[in-house]
């Protein structure tokens with residue numbers, strides 16, 4: 001474990017380019033050793049437990065409670081500075097192995113971030129920032145998303161141990177893709193001048209028992225398994241195989257990368273890890289506002305906020321207790337992930353899960369944050385996005401196939 005701003009640890013004044021690789025659904029404890037050994041890793045708390053809110057946070061440096069992007073139909077107010085093209089700055093976003101049933105310009109991250117479309121690494125010139133959003137170990141495990149729909153997949157493949165192994169195999173597969181891109185940068189003569197970052201938008205539940213109730217997948221609830229993700233920095237001079245002390249947030253990614261290339265950071269919720277050291281008692285936030293359309297109306301089935309330090313945190317459940325509990329029951333018995341959940345959700349898990357989903361406050365780990373401090377920090381009300389669009393029937397069907405809606 002080492003301490004200090006990344007710039008001091010690397011001995012470098014900065015980089016010309018940035019390459020960010022987002023491996024979807026990759027938990028901190030599933031980070032392949034091949035990635036960890038190449039750079040400096042810090043445990044990171046995702047800003048949200050699913051893509052719709054976490055990708056906007058990664059790219060903007062703002063918590064969901066600031067940018068108000070909760071669902072896939074919501075939009076950031078403007079393109080984030082990290083991805084804003086300027087005369088002397090090329091920005092690209094590529095998800096060629098994700099969202100395979102969508103046209104490039106209609107892919108959810110492209111729309112949420114207000115981009116015009118995707119760009120390939122070969123199409124951009126230095127100086128640049130290039131972001132790859134990879135499928136990673138996202139369900140359905142072991143298959144591309146254009147081959148299997150999540151629901152039918154889990155009816156065919158529902159052995160918990162086999163699924164957990166497939167998940168880890170997909171993490172390794174995602175690492176291979178990342179390393180292939182590093183080789184491309186090397187062959188193009190760009191590796192030495194590029195800060196490379198391997199991270200994830202959120203984690204994944206793999207049938208954990210106790211209060212998590214044997215649940216699979218992501219989106220809900222707020223818990224360490226869905227929020228603790230890796231952030232590994234790789235580049236010239238950056239220590240290899242080391243862990244950076246403290247806790248980071250997904251909202252630190254944008255300011256850190258902008259600082260490393262000497263760009264203006266602007267107003268963000270995160271800190272600049274390139275030039276700053278996280279405080280030992282740092283607290284970071286996470287939020288989720290999961291909505292579901294049923295019976296001709298929109299239901300806030302899971303709304304929550306969390307406050308975390310390096311040892312745990314508190315979760316504040318908002319809105320209807322009955323809706324939360326009902327949504328948990330739906331997930332484990334009727335939802336796309338129900339087949340494996342039936343194997344990991346016994347009576348004790350069901351009772352524990354219902355109790356957790358029903359409580360207003362829940363403590364995780366050995367956090368030094370008191371309940372009173374959490375209540376004060378999370379006393380604000382969450383606000384709906386002012387900029388949303390209606391998804392087409394085809395878009396909704398594609399998102400349903402991926403288990404999102």
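One-based numbering along the chain as shown.
The backbone N, Cα and C atoms fix where each Cβ goes, and this holds for glycine too.
Swiss-Prot lists 24, 201, 202 with the feature Ca(2+) binding site, giving similarity to another entry as the kind of evidence. Residue 201 (Ca(2+) binding site) has a Cβ environment of 29 other Cβ atoms inside 10 Å. In this structure, residue 201 (Ca(2+) binding site) belongs to neither helix nor strand by DSSP; it is coil.
Within 10 Å of the Cβ of residue 24 (Ca(2+) binding site) there are 27 other Cβ atoms, across all protein chains. Same-chain residues at least 6 positions away in sequence with a Cβ under 8 Å from that of residue 202 (Ca(2+) binding site) are, in sequence order, 24, 25, 46, 48, 49, 50, 51, 54, 218, 226, 227, 229.
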